[in-house]
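Working notes for the structure below.
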Amino acid sequence: MYVLLANPRGFCAGVDRAIEIVKRAIETLGAPIYVRHEVVHNRFVVDDLKQRGAIFVEELDEVPDDATVIFSAHGVPQAVRQEAERRGLKVFDATCPLVTKVHFEVARHCRAGRDVVLIGHAGHPEVEGTMGQWSRERGPGTIYLVEDIEQVATLDVRQPENLAYTTQTTLSVDDTMGIIEALRARYPAMQGPRHDDICYATQNRQDAVRDLARQCDLVLVVGSPNSSNSNRLSELARRDGVESYLIDNASEIDPAWIVGKQHIGLTAGASAPQVLVDGVLARLRELGASGVSELEGEPESMVFALPKELRLRLVG
């Protein structure tokens, strides 16, 4: 049994930035620091930050007056920002800059009076944050959420000639392209973003897992069950005809999965740290893996700046 590692895998620039914001805020201002929603969707990361002094809450009414609060990488509705400002809370915004780009697109279309179709998963924090950029006070348009291609057939927008679309950043690239094509067929005048809203890391990890699936008879994806991008990786492998499982850590591996398998692929979602991948590798070696190699993949060098107040000051 041989293990192949996908490349790239694991943390993206937005996740790195969000986690570092929480760590630096605790170091700079002291605990506790409040974080609205899980800063990234990974249990290991959240538990580690809790031990450092982060307190995770779902809404701002759980945050005391005069406290510091961090918005998660998924972004927040405008109403949440306004509430934080009204209460005088100190805020650090860990929203991924690529999600912020989508927020700006929605706000721009809103001001222009357009209808907007958001392609995404209902209930996901990123979708809730993006939907929350819309305000009837800004313009006469309407925002619609479409989750799959079947919903396009029943979609009835108010302004078919004044329509734009945008997407959640962590979707399946193939599924999203299919939905966009169906929308364009139904609404030929629909506008789109200049560049795809699906982020570089999502695209790269999906390309990498497909490369992995072509060479393996089992693909393990390290990621938490509430991680959208991690779920998409496992789905893609299965869609390509390969058995695949999403696991939080090495303890979730069922030895029965690897019986008779010759090549096991291993990757990780954008919110899963390398330490969990290392743990899975160690467990696979215990179960008989004889070697490990890493596939070639798209190099990633993107880095997002931290808020000025949290940047390290160089002395000397």
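Every residue gets a Cβ built from N, Cα and C, even glycine.
These numbers come from a predicted model, not from an experiment.
According to Swiss-Prot, the [4Fe-4S] cluster binding site annotation covers Cys12, Cys96, Cys199. Around the Cβ of Cys12 ([4Fe-4S] cluster binding site), 27 further Cβ atoms fall within 10 Å across all displayed protein chains. Mapped onto three states, the DSSP output places Cys12 ([4Fe-4S] cluster binding site) in coil.
Within its own chain, Ser227 (dimethylallyl diphosphate binding site) has His41, Asn42, Gly269, Ala270, Ser271, Ala272 as residues 6 or more apart in sequence whose C-beta sits under 8 angstroms from its own. Annotation source Swiss-Prot lists dimethylallyl diphosphate binding site at His41, His74, His124, Ser227, Ser228, Asn229, Ser271, citing sequence analysis.
The isopentenyl diphosphate binding site annotation in Swiss-Prot covers His41, His74, His124, Ser227, Ser228, Asn229, Ser271. Long-range C-beta contacts of Asn229 (dimethylallyl diphosphate binding site), restricted to its own chain and to partners at least six residues apart, with a cutoff below 8 Å, comprise Thr170, Ala201, Thr202, Arg205, Gly223, Gly269, Ala270, Ser271.
The (2E)-4-hydroxy-3-methylbut-2-enyl diphosphate binding site annotation in Swiss-Prot covers His41, His74, His124, Thr169, Ser227, Ser228, Asn229, Ser271 and rests on sequence analysis.
Sequence-distant contacts of Glu126 (active site, proton donor), defined as residues of its own chain at least six apart whose C-beta falls under 8 angstroms from its C-beta, comprise His74, Gly75, Val99, Gly120, Gln168, Thr169, Thr170, Ser228. According to Swiss-Prot, the active site, proton donor annotation covers Glu126.
Largest CA to CA distance in the isopentenyl diphosphate binding set (His41, His74, His124, Ser227, Ser228, Asn229, Ser271): 15 Å, whole number. Same-chain residues at least 6 positions away in sequence with a Cβ under 8 Å from that of Cys199 ([4Fe-4S] cluster binding site) are, in sequence order, Cys12, Gly14, Cys96, Leu98, Thr169, Thr170.
Cβ neighbour density within 10 Å is lowest for His124 among the binding-site residues His41, His74, His124. The isopentenyl diphosphate site is set by His41, His74, His124, Ser227, Ser228, Asn229, Ser271; from the centre of their CB atoms, other residues of the chain with a CB within 8 Å are Val40, Pro125, Glu126, Thr170, Asn226, Ser230, Gly269, Ala270. Secondary structure from DSSP puts Cys199 ([4Fe-4S] cluster binding site) in coil.
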